[in-house]
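Novice: Sending over a structure as structure tokens; questions will come in a sec.
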Amino acid sequence: MAGVGPGGYAAEFVPPPECPVFEPSWEEFTDPLSFIGRIRPLAEKTGICKIRPPKDWQPPFACEVKSFRFTPRVQRLNELEAMTRVRLDFLDQLAKFWELQGSTLKIPVVERKILDLYALSKIVASKGGFEMVTKEKKWSKVGSRLGYLPGKGTGSLLKSHYERILYPYELFQSGVSLMGVQMPNLDLKEKVEPEVLSTDTQTSPEPGTRMNILPKRTRRVKTQSESGDVSRNTELKKLQIFGAGPKVVGLAMGTKDKEDEVTRRRKVTNRSDAFNMQMRQRKGTLSVNFVDLYVCMFCGRGNNEDKLLLCDGCDDSYHTFCLIPPLPDVPKGDWRCPKCVAEECSKPREAFGFEQAVREYTLQSFGEMADNFKSDYFNMPVHMVPTELVEKEFWRLVSSIEEDVIVEYGADISSKDFGSGFPVKDGRRKILPEEEEYALSGWNLNNMPVLEQSVLAHINVDISGMKVPWLYVGMCFSSFCWHIEDHWSYSINYLHWGEPKTWYGVPSHAAEQLEEVMRELAPELFESQPDLLHQLVTIMNPNVLMEHGVPVYRTNQCAGEFVVTFPRAYHSGFNQGYNFAEAVNFCTADWLPIGRQCVNHYRRLRRHCVFSHEELIFKMAADPECLDVGLAAMVCKELTLMTEEETRLRESVVQMGVLMSEEEVFELVPDDERQCSACRTTCFLSALTCSCNPERLVCLYHPTDLCPCPMQKKCLRYRYPLEDLPSLLYGVKVRAQSYDTWVSRVTEALSANFNHKKDLIELRVMLEDAEDRKYPENDLFRKLRDAVKEAETCASVAQLLLSKKQKHRQSPDSGRTRTKLTVEELKAFVQQLFSLPCVISQARQVKNLLDDVEEFHERAQEAMMDETPDSSKLQMLIDMGSSLYVELPELPRLKQELQQARWLDEVRLTLSDPQQVTLDVMKKLIDSGVGLAPHHAVEKAMAELQELLTVSERWEEKAKVCLQARPRHSVASLESIVNEAKNIPAFLPNVLSLKEALQKAREWTAKVEAIQSGSNYAYLEQLESLSAKGRPIPVRLEALPQVESQVAAARAWRERTGRTFLKKNSSHTLLQVLSPRTDIGVYGSGKNRRKKVKELIEKEKEKDLDLEPLSDLEEGLEETRDTAMVVAVFKEREQKEIEAMHSLRAANLAKMTMVDRIEEVKFCICRKTASGFMLQCELCKDWFHNSCVPLPKSSSQKKGSSWQAKEVKFLCPLCMRSRRPRLETILSLLVSLQKLPVRLPEGEALQCLTERAMSWQDRARQALATDELSSALAKLSVLSQRMVEQAAREKTEKIISAELQKAAANPDLQGHLPSFQQSAFNRVVSSVSSSPRQTMDYDDEETDSDEDIRETYGYDMKDTASVKSSSSLEPNLFCDEEIPIKSEEVVTHMWTAPSFCAEHAYSSASKSCSQGSSTPRKQPRKSPLVPRSLEPPVLELSPGAKAQLEELMMVGDLLEVSLDETQHIWRILQATHPPSEDRFLHIMEDDSMEEKPLKVKGKDSSEKKRKRKLEKVEQLFGEGKQKSKELKKMDKPRKKKLKLGADKSKELNKLAKKLAKEEERKKKKEKAAAAKVELVKESTEKKREKKVLDIPSKYDWSGAEESDDENAVCAAQNCQRPCKDKVDWVQCDGGCDEWFHQVCVGVSPEMAENEDYICINCAKKQGPVSPGPAPPPSFIMSYKLPMEDLKETS
């Protein structure tokens, strides 16, 4: 506990415990003294208590604030604390000693702390003094006691300080320094009587100041004995202690004579004067004149004049070395000899007391000062300073020697002079209506002392502080010291407003203990002032008192709260800040014995009494009718004791020899004149006087202290004769008689035994009687009231208990919460019922309930002792216990055991079926079992479950590890795990999974062994299936790595084979490509391909085409495992393929004969009718649109423009499904296949394909080895040599053409150009007619990627359009594709001999040789399917040889292998065809044909790209340069639509005419074309589905390239130039073959479709036309100009 540290400094303050706080109700608050009497048993244990009034009780502040002026007291905080004041007194004496010695006291600092000289002195004295400590070397221990750490040389330092400062003072105190010097008769330890200090002439420092060194202390010297003027109040006239409550000794209320006042005044000395005095300088030696006059008072010699000192007080001389202790040097200041020092120090000190401040304050000015001080001190607003901080700082300051804080306290201000804070009806001020309640309230401190129950009401005089309240105006740190109230009365304090007041209280039973502790800790103060604690000037830290066993309690009194102190309860405290409080004393009936004890205590201390206690008792007894009954009873008791004591004292005095007696009315004698001279007690009943001094008297307790005269001369003065005392006692007794009777009856009733107990009704009557007669609420009254209350409570509880028991039996399942009695409470209740001082009727029934409870207890104990809980038995007991409305302790236990029993039943049921015992079930059972109360059966089951769970989890974890192990565990190790876990009676999923994995592993191994033991290798699909199934099996399969390696090798071989055969993004599988075709006759691609197979076969059957459905070879290979069967199936599919191809070729060739139904015949893979430019597949003989299939590419582009003779053969994408590698590549794949221990359907298909290809190769070689075919091959070789020569000539012509172009730019050679041009043109035409055809290749643009096309054909897909469009420039073919051509480009593919035909190159060469300069005109025809008369072929073969070659060619084309023999046979067969035979169709569309989307090209193609395309077309078709020269004359690119059957000369003439005519209209059309650009763009987007149709070549449509097709001019004289989305044309059937807009000639589309049209010119030539329908036209065409041409035109 905190207190004072070793060095005298205060440690941190620890607040004591809080005192009780009471909050009375309004009913309790109506009677203050009764309420205080009720709380007294509890509150008096702590000495103080706090009472909070009801919230609505708020009395107004009634003081006149403006006129309220007061002078406060000055308080130095560190002088209040007892131990601190002792230290300060010691330092004062020490400083005074050294000042008289001519030195200034300077307190040293040790280890950065001021040395506590007082503590050092006490510690050294306790250890035997300076010599003993030095001798025994205990200075280090002294340092430890002072709180210094050892080992730093502190001991020696302390020794030097003690020897220098304290040791001389110690010698002086012991009297050694005065040995040999004659001294007057002085007692250095003479005690000083306490002195009454005058306060009206003292000056004080300003409040709130702080000093950091030694504080200044004001001292007064006593000059005369205590005397003073008193008021004329008869009771206070002779008192020396003025009033009760927190007050200070010596504050005289009267005035003094001026002479006494002046005499008592003394000069104020200040403790720091000793430090601040300016000492006059003394010379080290005396002058020569004085040497003979002064000698040393010790040695009597005058030598050593330089060491001879002269006293400044008495002028005596002393040698420095004769002094004790000797002085080392001559003092510089004033020096006094030991005799003068002893005289000065022996003067009595003035008693300590508070000074009055100089300044007078109002409440406002004092509040401003107080608030400024607190806010400045704590450096924060006053309301924000915590009370705990102020409390700790206060106790730190009062214990601090270094800091001196001065505050002011407006204490003991009489409300009689300044007015009370409560409203009072004293006539000074008018009471407002709202103040009336508070003016009459018993809690008004002006009313409380004079209440009917109060003893002080019988004192007629206003005792200031006891009957008249005192006011207290406090500030921060202002305090009131430890004290008890006068006559040990009650006190009550009310805080009107302001900051809290902190209180500390000590109960009355520890009052003497507190006094002893303070005497022990500060004996110096009590030596001079024995009644120090009655002077309110000394405080001590509560922590110090608590350390010494004194109980201390605290509280913070806030505004509007009361604090009550009880008799002889020491209390002290301080203010937290600016506040205003009011206090007064009061005495109740229970105080009378305490007051009597207080007078006896005062008698021992010789302390004055405020009033005579005996007088008060007899005054109340003189008028008993006005006494309260309770007070009368107490007065009767006190009066009886006093009568007995007074009789004893008088008898003892008479026995001592006092003979004279005389009656005297003591109440008429002033109190100061009837005080006992020995004990100062105020005498009332009797006193002893002597004739030698009639004014002097003593009480009968001190008869011998009166005077030395004999007792016979002394006279006994008495107030009442002994004979009159019984009569007074009888009057009081009569008043209290009724009360005594009531007391006896109540006592008898409360103490009666069981058989003689009263009924509850009788006790109620006694209580009502006491309340009606207002008997005092003493212990008996409270006991009766408590007994009645207890009996009533027990009766109501018993009735409630019995009634609820019945209700509970009727509704035991009610869920409402009820408060039940426990068994112990029931037993105690039954015991209480039978121990009541009265009888209640329900006691017996409650006893029966207790018997039922005990029976339940016995049965429950038996049930709980069972080895295994029985759920049915437990349930029955629970039902029984629930019916009793008692809190049975066994009931929760029974419910627990019921839960245990049900849990055990569940465990037994679960374990009976191992399949239900999963880990989760066991965990749930364990979790539910963990929450159960402990039981050996449950614990046993829990242990079994836990063990089973642990084992199961361990095996489950082991199985899980095995399942997830990498690498996998072997079968044997897993089987051992499964076998070991088989005996566990639980459901283990991982173990079962492991078991299943073992089963799968066995099955898998068996399958592998079965496959490996077979005669043939397994198929890849089988091994892949085994690998896929074996891989997830969590068992180490020995054969799995081998199987996976085989699968990987087989897959690698299949991927390599696929790269060899398959095109990129091919829709065919490798097995389909390697197997004979089963989809012959099936068209389409993608996912619908297989679906269309069956649908097309059904359609072909409906058309009576003999196409036998073919099965899938792949399915046959998968179903067949025998090698021989595979070969047989392949042969069977091969035969079906050949038959199906024969049927398909026949069906496709038959389409060409269906001229009348040509619109219904479907061609191409798109399965649409014939239209535009079409190509015929050499294998299936079907025709394909050039926009649906990729066009064949010249092989010369791949081989650097070589003119090697190779054919251009077109195979459709359906017939040519793969890359067709060479046989050498296939043989390397077969070698790799032989190394694989795996069967692949693709491998077997490849073997069969290879055997088929080699077999065909053998047949082909045999056929080519015949004489007829050998000679044909030789003839072709000769023609090939001619082609090489022709290529050389063509190169020469190119050089000549280039030179001509250069010459055209030279003006000097312009005249010679026509001849050169005509000559060059003729040579070019002849050379082109004899040039060999270039070989063509093809690919499938729907299935091949750009990269694949580049790899296979040598051109990009971006160039496909140009390649396609190249075919449209053949003059002898029908073509509706367009190629834009600029006039600046050299074009060599127009108006030449047909070169893009399916002829062998040798036939072309032969044809050029056989043809003359002019070519016979083709036969005019309306249908492109009508055969023309052809020229003779190059080779002639026999029908048998040709048929054999055609059959070999068909079979060879079916093979997906490239063989040289197919090229040889193809060349021979091409040479057998006529040179002009068409293998490409150009169909003119009518409106009934399906329109195809228009491919619009933008203008973003560069000129270089266009030129490259045209050069490729030139290389592809080998056309002459004469056409290019003519085209160079044209300004814009042109597209020509050439009609089959017109001869070249006629076409050229018409073209020349058209060019001249169009040149003239060119400029006019440019403006119109520009205006129509945007309109044509929109119409082009809307009509993308429309197809471009062919226009007869005799029209020159060069102007159309510059304008819109819709604005083209027809042959009509007044052409309207129709501007529509679709322009319909009609051709004249009269012979001129001119073309006309249907709108311009007035022909509707229906007429043009059903009738022949003859123009006006032809009609004139033919004469009048007979009426009737015109012959139907051949074709009606719809034309739309391509967007690219339009852009170029614009």
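For all residues, glycine too, the Cβ spot is worked out from N, Cα and C.
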Novice: Which one of Lys141, Lys191, Lys895, Lys1557 gets the tag SUMO2 cross-link in Swiss-Prot?
Specialist: Lys191
Novice: Among Lys425, Lys501, which residue does Swiss-Prot name as a further 2-oxoglutarate binder in the site formed by Tyr409, Ser491, Asn493?
Specialist: Lys501
Novice: If you check Swiss-Prot for phosphoserine, which of Ser1315, Ser1488, Ser1545 comes up?
Specialist: Ser1488
Novice: Which one of His383, His571, His601 goes with His483, Glu485 at the Fe cation site, as Swiss-Prot has it?
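Specialist: So the Fe cation site in Swiss-Prot includes His483, Glu485 plus, from the candidates His383, His571, His601, His571.
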Novice: Can you identify, from 67-121, 947-1001, 1607-1661, the stretch that Swiss-Prot calls zinc finger?
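Specialist: Checking Swiss-Prot against the ranges 67-121, 947-1001, 1607-1661, the zinc finger one is 1607-1661.
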Novice: Give me the CA-CA distance between His483 (Fe cation binding site) and Lys1007 (SUMO2 cross-link), in Å, as a whole number.
Specialist: 112
Novice: Of all the recorded positions given, His483, His571, Lys1007, which residue's CB has the most CB neighbours within 10 A?
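Specialist: Counting Cβ neighbours within 10 Å, the top one is His571.
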Novice: Would you mind ranking the recorded positions Glu485, Ser1438 by how many other Cβ atoms sit within 10 Å of each Cβ and giving me the lowest?
Specialist: Ser1438
Novice: Given the recorded positions Glu485, His571, Ser1438, find the one whose Cα is closest in space to the Cα of Lys1007 (SUMO2 cross-link).
Specialist: Ser1438
Novice: Cα distance, Glu485 (Fe cation binding site) to Ser1438 (phosphoserine), nearest Å?
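Specialist: It is 162 Å, counting Cα to Cα.
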Novice: Return one of helix, strand or coil for Glu485 (Fe cation binding site), based on DSSP.
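Specialist: DSSP assigns Glu485 (Fe cation binding site) to coil.
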